[in-house]
């Protein structure tokens, strides 16, 4: 059965009207059924071996199927006739080749039949898994999760973290993989096929993916700058630079002395920060060059589609784990590493009563998995029709969370080393002052305070971690490894984000005569031009503005509409039937309950709590004050608030706009025929029979015996006939 299932892996997005191609597919599947051996008869060893020798490539299209399956006629002649077949496999081969040749002659006649319309596919299962893991595992796992765990109760934070993973993260991850694999299109095509009024969900995903990719690549540019300077000896952020005064004397930069070498290098050398978002000051040429190079690298990696970027993920997805393992063994040997790890995971159970802790746990789960961007839907649309998307969802989600915890151990072992070194210096200075009989203005030395002074995001990566690396022997090597790891973590997440945009544009056929590589080039070029707004003194503040508003609220709203669309429009019952048809097993009660009730409630709660927190506490940004050598919290000016609302509304307004225009008879997203899908053959292979809902399913999910599905509550009345009675 496993060998037979390989032959169903069809990766075509051609329309169902292409009857010539569909006839070839039917011949293939007829030949497949000829080879299919019923379970009760068993399979001889010789026949199993001959089938195994010529399995098609993972996700191969028909052309690849034919070349792999029929390049040697000897195998066909040696195979015994299948049970119940009147024709030999040699005759099946001749029919298939003849019909394929006839179909090739008819390709010019069939409207829309073009060579380039064949959908791409993954070369192997491991390539898909690595691409999905690389997309889900990103910079947030390394520089946000450790900070949130330390801030929100240490080990106690894992309780809300895993609860949110189970009721929100994995169910939506599973949903996106399954719907993309079933409907074989990008986000726009998928939601338009679910309902013509829901095409705005796909457009919203594409818009927010474009905006997030726009500023996310800025992080990659920062990593490139630090990676380039990591080869210098000594490291440029190891010591304060000197200043030449008018009297021809040298002294350390006062601003650097007031802060620290790593802070000064980050804020003043790399970012060239101004003191306010209202003061962009000078153009940062170094940053502009780094942005151009980073966008060029993204274009080079994506220009050949998933066939090219899929191979690149072998390096970009595996290398970060290699570096994390190296840093793990280096970190646990450092003095103070145990204190750092203990500080991270020591539970403070009282924090579980704080609703903000649950809010941040749910938000972190949501964004760390990369939900609602459209990238997961695009990736899964290139999978075979019978791929086990349930197993993939569990594997990738648990890998993502395991990576977060492992990265937390690595980061806090190094932070523990840095905090211990600072504590030892403070203690030595204090003891020196006491030995001089000084009892006033003594420094206060507290190890736990030093451990708690960890930062989130860019501060953790470019300030605290670099300060710890400065104290390593061979600091240059560790700096190169660290920033190369951050670069690979960022760029493979960038692939998935942009792939959601590109696949949606291709499926919409906005530019039907434009090759895909031109679309990728246009996207990267437009992003590169707009990203020049980050190459000035206020660029880092604009980055924080976009990160705070464009990458959180829209994604939550989009994922909420995705869940509601599947649960109340497409139908949980129909969706479960599709998953059973593809994987051979039906989703259990828990997943259906999450999709219809639990996950939407969790997302609505997070949204309302986030808006409440924003209205009551406001939003601010840390501005660098050069005179003090430190940052101060400043409120966003009015024009920034306007931009924030524009970023949010430009993403989510597509959902109601497309629906309203559709009601008025205006099509924003053109209707397209469903992609080819071997529904009948999959049901035959897996032995699928109509599912009769249980009493629990009827009462909870409003399933009716006639196959319909109620919206809110079950219908009570005359007893309905069962499926067996109707037959």
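Please read every residue number as a count from 1 along the shown chain.
Using N, Cα and C of the backbone, Cβ positions are placed for all residues, glycine too.
According to TrEMBL, the feature region 'Disordered' maps to 70-90.
Here TrEMBL flags 126-145 (among others) as transmembrane segment. Same-chain residues lying 6+ beyond the ends of the transmembrane segment (126-145) with a Cβ under 8 Å from its Cβ atoms: 58, 219, 306, 309-311, 313-314, 316-318, 320, 364, 367-370, 375-376, 379, 382-383, 392, 395-397, 399-400, 403-405, 407-408, 411, 456-458, 460-461, 485-486, 489-490, 492-493, 495-497.
The list of residues near the transmembrane segment (157-177) in space but at least 6 beyond its ends in sequence, with Cβ under 8 angstroms from a Cβ of it, reads 148-149, 351-352, 357-358, 361-362, 364-366, 369, 371-372, 376-377, 379-380, 389-390, 392-394, 396-397, 401, 405, 559, 562-563, 566, 575, 591, 594-595, 598-599, 602-603. Positions annotated as transmembrane segment by TrEMBL: 157-177 (among others).
Among the features that TrEMBL reports, transmembrane segment is placed at 197-228 (among others). Long-range neighbours of the transmembrane segment (197-228) within the same chain, counting only residues 6 or more positions beyond its ends whose Cβ lies under 8 Å from a Cβ of the stretch, are 139, 186-191, 270, 286-287, 290-291, 293-295, 297-298, 372-375, 377, 458, 462, 466, 479-480, 483-484, 486-487, 490-491, 493-494, 497-498, 500-501, 504-505, 523, 527, 530-531, 534, 539, 542-543, 546-547, 550-551, 554-555, 557-558, 561-562, 565, 569, 647, 650-652, 654-659, 662-663, 668-669.
Proximity of distant same-chain residues to the transmembrane segment (283-300), defined by a Cβ-Cβ separation under 8 Å and at least 6 residues beyond the stretch ends, is recorded for 217-218, 220-222, 224-225, 270-272, 491, 494-495, 498, 520-521, 524-525, 527-528, 531-532, 534-537, 539. The transmembrane segment annotation in TrEMBL covers 283-300 (among others).
Taking Cβ pairs closer than 8 Å, the transmembrane segment (312-332) reaches residues 127, 130-131, 133-134, 137, 301, 403, 406-407, 409-410, 413-414, 417, 472, 478, 481-482, 484-485, 488-489, 491-492, 495 in its own chain, all 6 or more past its ends. Per TrEMBL, the feature transmembrane segment maps to 312-332 (among others).
Sequence-remote contacts of a segment are chain residues at least 6 beyond its ends whose Cβ falls under 8 Å from one of its Cβ atoms, and for the transmembrane segment (361-382) they are 11, 13, 59, 119-122, 128, 131-132, 135-138, 140-141, 144-145, 148, 152, 157, 160-161, 163-165, 168-169, 172-173, 176-181, 183-188, 190, 202, 205-206, 208-209, 212, 306, 389, 392, 397, 400-401, 404, 493, 496-497, 499-504, 551-552, 555-556, 558-559, 562, 602-603, 605-606, 610. The feature transmembrane segment is assigned by TrEMBL to 361-382 (among others).
Positions annotated as transmembrane segment by TrEMBL: 394-415 (among others). Remote same-chain partners of the transmembrane segment (394-415), defined as residues 6 or more beyond its termini with a Cβ less than 8 Å from a stretch Cβ, comprise 129, 132-133, 136-137, 141-143, 145-146, 149-150, 158, 161-162, 165, 169-170, 173-174, 321, 324, 327-328, 331-332, 334, 337, 340-341, 343-344, 365, 368-369, 451, 454, 460, 464-465, 468-469.
The transmembrane segment annotation in TrEMBL covers 477-506 (among others).
The transmembrane segment feature in TrEMBL is assigned to 518-543 (among others).
Taken from TrEMBL, the feature transmembrane segment applies to 549-572 (among others). Sequence-distant contacts of the transmembrane segment (549-572) (same chain, at least 6 residues past either end, Cβ-Cβ under 8 Å): 171-172, 175-176, 179, 191, 194-195, 198, 201, 204-205, 208, 211-212, 215, 363, 366-367, 371-373, 592, 595-596, 599-600, 603-604, 606-607, 610, 644, 647-648, 651-652, 655, 701, 709, 711.
Per TrEMBL, transmembrane segment is recorded for 593-616 (among others).
Taken from TrEMBL, the feature transmembrane segment covers 636-661 (among others).
Cβ atoms under 8 Å from those of the transmembrane segment (593-616) belong to residues 164, 167-168, 171-172, 175, 355-356, 359, 362-363, 366, 552-553, 556-557, 559-560, 563-564, 566-568, 572, 575, 700-701 of the same chain, restricted to positions at least 6 beyond its ends.
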